[in-house]
Amino acid sequence: MLYRPKIYTNYNIINGGTKSRLSSACYPIQCAVVNSSNAIIDRRSANFEPSIWSFDYIQSLTSQYKGEPYTSRVKKLERDVKKILVEMENSLAQLELIDTLQRLGISYRFENEINSILNKKYVNINNPNYNLYAIALEFRLLRQHGYAVPQEIFNQLKNEIENIKKNINGNDIMGILALYEASFYEKKCESILKEARIFTTECLKNYTIMISEQKKLMIDNDYDYDIEVVNHALELPLHRRTTRTEAKWFIDAYAKKQDMNPMLLELAKLDFNIVQSTHHEDLKHIFRWWRHTKLGEKLNFARDRLMECFLWNIGIRFESKFSYFRTKTAKLFELVTFIDDIYDVYGTLDELELFTKAVERWDVKMINELPEYMKMPYLVLHNTINDMVFEVLRDQEISINIQYLKKTWVDMCKSFLQEAKWYYSGYTPTLEEYIENGWISVGAPVILVHAYFFHANNNRTITNTKEIFECLEYGYYPAIIRHSAIILRFTNDLATSSEELKRGDAPTSIQCYMQEKIVSEEEAREHIKFLINEAWKEMNNDVGLYPISLTEDATNFAKMGFFIYQHGDGHSSQDNQSKQKISSLIIEPIPLYT
């Protein structure tokens, strides 16, 4: 399925919307002088803080885990684990090992073996000896890897599930948790999985209450590890966590598990640290690029969030072999962020019209029509994308049409402009209008279309690029890009809505729905969460319809929305929590021995 972005050209005649009470007079104003006329222009200011991650600090990063003796040790551990995985006779134990490898972030080292095992599981899927835990685990792993497993496989467990409902205890909890995690692979119209999620969520919450009460009464229990993973799952299910972010948490949790395998733990820690050392080199590269542009130095009204932009990248593609991918897409993230701030907080409507026109023309001569402060961002955008096209043609040896890439920037700038028009006119769009514009303005189409062409040197088959993206010539995008973008748009809104209103941005989905339906903020937030679940169902349907690289990028991008915005605006904010996230994933290695 394909989707065309709707760009509203006359915001005064849109039906169904209302005027908001937003006023720029309520927000910080910054005065600027326009050289051509010496006129003073009142500009908004978001008062973004400078980046806390200095160039010198990034260039000084070092890691002891590069090279020997750690790489030799990892190769030995990898051989040993591979032997265990392949030679396992117990089918359930094999599934559990695959799940553990995934959560530890090292399954990519055993990709061929895991695919072979799961293919055999799929062929012999109806195992009469499996209980709820085994069937739910197998179902989740198979769906995760793109197998079309029917939800009806759970019908054989009706009696077992009913018994659990009547009398839940600690022995059942791993089965309930497995079913809970599996239920998030629900597609449209899958009522069995929908009911399973409701039932298991209630059971898991009751279980946490029961354990909490036992601890208050000082009753001994053996569920420390179980309760930790249950609480973690209730906070956010596995299907909404990226491999790298989950690995950082799970390595610590797995170390506390009574029956943990020391060999797996050592491999996971070493792998995490070795991969992290490649991230340091990626960071040094993109920080040198950013310093060379001097955008952050000369135009300090916009966010300088290169480290935060890089964080998105390791959620999408963390493995060492994707260094090329990360260094390219990190630049895209920063350019999207920077240009967003030009539209959101600094440019006048007339200036934004000029910038949008310049992007449409994609011609360096257009800088002569732009105000001084827009010339550098425009040239950096133009030159960076053109250089990327050249480098892909040179390094990747695949065909790339720059018109596809240009189209994404034009659409995004038009959507930014639309939001600016809504703001300056005091117009609050309907939720539908907001969504049709917002899934473009969130920047996901720009990132995902460009990113597709950065995979060819990673043994990823990049074929049928024209078949996949020629729809852009007609104004449409692949459905999986839209669904990923909608999830990202809503997770962003849930975290940043209040802050964006304070600095005078256009209304978010929450305010649009509140005003359209005359409901409270709490009700609006619940509705947005419902729409996120609906978009996930659609994206689950998309699996298998597109190349695996595009599917994985889009899915991981949506997952990173939860990670970045789970506790606030992790993209813009530089509070202690955001700093800790970055430090633990990118800067600090995991101690091998504790």
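Easy rule for this one: first residue shown is 1, then count along the chain.
Cβ coordinates come from backbone N, Cα and C, glycine included.
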(2E)-geranyl diphosphate site partner of Asp340, Asp344, Arg489, Asn492 (as recorded in Swiss-Prot), chosen from Arg303, Arg317, Arg525: Arg303
Residue pair Thr496 (Mg(2+) 3 binding site), Arg489 ((2E)-geranyl diphosphate binding site) - Cα distance, angstrom, rounded: 10
Averaged pLDDT score, the motif 'DDXXD motif' (340-344): 93
Structural state census, the motif 'DDXXD motif' (340-344) (DSSP three-state): 5 helix, 0 strand, 0 coil
Neighbour-count leader, CB within 10 A, binding-site residues: Arg303, Arg489: Arg489
Least Cβ-crowded entry, counting other Cβ within 10 Å, from the binding-site residues listed as Asp340, Asp344: Asp340
